[in-house]
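Encoded as structure tokens, the structure appears first; notes follow it.
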2 protein chains.
Amino acid sequence: MAAESQAADSVGIVEPQSLHFPEPIRLESGHTLPEFNLVFETYGTLNADASNAVLICHALSGHHHAAGYHSREDRKPGWWDACIGPGKPIDTNKFFVVCPNNLGGCHGSTGPASENPDTGRPYGPDFPVITVRDWVKSQARLADRLGIDQWAAVIGGSLGGMQALDWAIHYPERIRHAVVIAATPRLTAQNIAFNEVARRAITSDPEFHEGRYLENNAIPQRGLMLARMVGHITYLSDVSMGEKFGRELRDHAYHFGFDVEFQVESYLQYQGVRFSESFDANTYLLMTRALDYFDPAREFGNDLTRAMAEARCRFLVLSFSSDWRFAPEHSQKLVNAMVDARRDVSYAEIDSDWGHDAFLVPNERYESLFRAYMNRVAKEHGDAG
Amino acid sequence: MAAESQAADSVGIVEPQSLHFPEPIRLESGHTLPEFNLVFETYGTLNADASNAVLICHALSGHHHAAGYHSREDRKPGWWDACIGPGKPIDTNKFFVVCPNNLGGCHGSTGPASENPDTGRPYGPDFPVITVRDWVKSQARLADRLGIDQWAAVIGGSLGGMQALDWAIHYPERIRHAVVIAATPRLTAQNIAFNEVARRAITSDPEFHEGRYLENNAIPQRGLMLARMVGHITYLSDVSMGEKFGRELRDHAYHFGFDVEFQVESYLQYQGVRFSESFDANTYLLMTRALDYFDPAREFGNDLTRAMAEARCRFLVLSFSSDWRFAPEHSQKLVNAMVDARRDVSYAEIDSDWGHDAFLVPNERYESLFRAYMNRVAKEHGDAG
């Protein structure tokens, strides 16, 4: 039996790479990181004039492993394997795809769990707050090092879509297309509230040790688990949870107690535990705060149209009907500002029951729109491989 | 300046009463409580033939103090003072209003913080799981003691509405009207998931001590706070949170940190702390579990119409447009089953931005529909006072 990694539409076995950036980077907060590493993966081949490069920006709990497998035994591909590969919407026969782990992350790029060169100990809570702008700035340095002056496209879902937007506004000459999926030009009070619950769950866990859990050989597992449970509910929809679990009982009968009774409880606990074993708590705080702070209109007098007028690229904006985290109205506001700023934008609301997570779930219309748009992007650089 | 308690439409100063029920009560779980107390308040006067009594059922974090003030210095009235009082929708010039604290509660009725007669210590986690049916059964005993054979109406919002429904199904001869507001015939997977997060926040707090926190001179405050924060988000709507807080900053500028930055964070923390100082953790577990288990169709082959066919009373069902916890579709399902069962039902979806909490918030159409319905109920017993 052939491994999944040998499927014709898979990028196959991939290997993460890492680059060290020895120059200090000044962050939006005013703090400076003296140096940093970015870990990333690439799929496909950069063409001679470096015109076919595509940047994939990950969301809250994502990382650099977006497609393919790390070994033949690896049964689970990268998180966006559904969209990246030969013949897939982001076609690796046509594009050179770059996906970094964000600064502040916990999968190899410099983050709170990394050693602070000033102290020789983990940064922990001393790692500065990172914003979407900071990520884009660090990604621009990565592009420099890879010899990419201009991305054919910057693409992302959710928090990743915010990075694509920020690229468009702050590096207008370095991006030809931005694909902004299930994103928002800024969080609502409800969005911020859910993030705050997640953060509070982590920071109020006695094992958090004010962020110095690593030095205390501890992990705020209960807090991370709760944070993930809350997050997970907001990524799904009432409908998709209903279809997946309904009120199904784990054991056909009521037991009148507080152990797991309904399937949905069992699922959430499983997801929570798994997450708490693999994700860094300080990174979770940073990522959710970056979401809260994102508000590109802010520096343009709270005028999103003025912000969008900075952009020179073309846009594809996609939203999903059952997404109640960043509902289609969020994308519509964004599109309205783009239109008002006379930007070139294609927009579609995709029918899906999968809530916010729909951007990761195979869906015929989604794939066909995405593929058609990316084919046009590819045409601009003559399908060069 | 006159105290609020002297306003013409206030029930004024009220005093809680308590009754001891020395007979054992067998619960739906199969467990038996050997005896119990119920604390309650009454407003208005029971008429000669006891035909003007109205039962108010409280929701998750509610209690027996639904209207009026406990003293002249008391600045905050009971939780449903907007609807209960002379000339208000539940007119105390016409009705004798009874509002108990539910069994398992933490405001005076027997609950997990009460002394277990078998051990002389607090019940704590040994207090049996209580269901909506159990509450109704205990309320029926209260009615017996008060000499009320039949309620003119049983009224409740949210979890309180579920009790009104259960009265209609299981004591058809003892209730003439049921007013079911912002309720549901059963929770969805998403509803259960939010409850499970709240419970998990409490039980994973090290100060929970497996439910024996009182004996350990501890309180799982962090867990209760998180539970309340999650709950609070689901009681409000995205719109009402947006109107109330938007992205307003506490201090006009970004500080790039994890202290309170947005007003909504400050509000949630305040609510969470206040709640954690006043509510019993084991009671919170019981109340959320009662919500999860409620499913009156279950004993009728999952056929809600058959369940509703048991009822003999008339119904008023109200839902609120922005309620995403128990959205109008929940009420519509209920109404459809009532109509299929040829029950007499009036239904309205009230336009409101206040989410699930709308049933507690003054609203012209809500009040006028509620008042008109209750006036008709009063006419049946000849406006006797």
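The backbone N, Cα and C atoms fix where each Cβ goes, glycine too.
All annotation found in TrEMBL is predicted automatically rather than curated by experts.
Sequence annotations record features per position, and here TrEMBL assigns domain 'AB hydrolase-1' to B:52-360.
Counting every protein chain shown, 26 other Cβ atoms lie within 10 Å of the Cβ of B:SER158 (active site, nucleophile). What TrEMBL records for B:SER158 is active site, nucleophile.
The substrate binding site annotation in TrEMBL covers B:ARG228, B:ASP357. For B:ASP357 (substrate binding site), the same-chain residues that are 6 or more apart in sequence and have a Cβ closer than 8 Å to its Cβ are B:TYR235, B:LEU236, B:SER240.
In sequence order, B:ALA182, B:SER237, B:GLY355, B:HIS356, B:ALA358 make up the list of same-chain residues 6 or more apart from B:ASP323 (active site) whose Cβ falls under 8 Å from its Cβ. In the three-state DSSP assignment, the secondary structure recorded for B:ASP323 (active site) is coil. The active site annotation in TrEMBL covers B:ASP323 (among others).
Here the Cβ of B:ARG325 (site 'Important for acyl-CoA specificity') has 24 other Cβ atoms within 10 Å, regardless of which shown protein chain they belong to. Residues or ranges marked as site 'Important for acyl-CoA specificity' by TrEMBL: B:ARG325.
When Cβ atoms from all protein chains are considered, those within 10 Å of B:HIS356 (active site) total 22, not counting its own. Taken from TrEMBL, the feature active site applies to B:HIS356 (among others).
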Looking at Cβ-Cβ distances, which residues of the chain lie under 8 angstroms from B:ARG228 (substrate binding site) while being 6 or more apart from it?
-> B:ALA198, B:GLN271, B:GLY272, B:PHE275, B:SER276, B:PHE279
Could you measure between B:SER158 (active site, nucleophile) and B:ARG325 (site 'Important for acyl-CoA specificity') for me? Cα positions, answer in whole angstrom.
-> 9
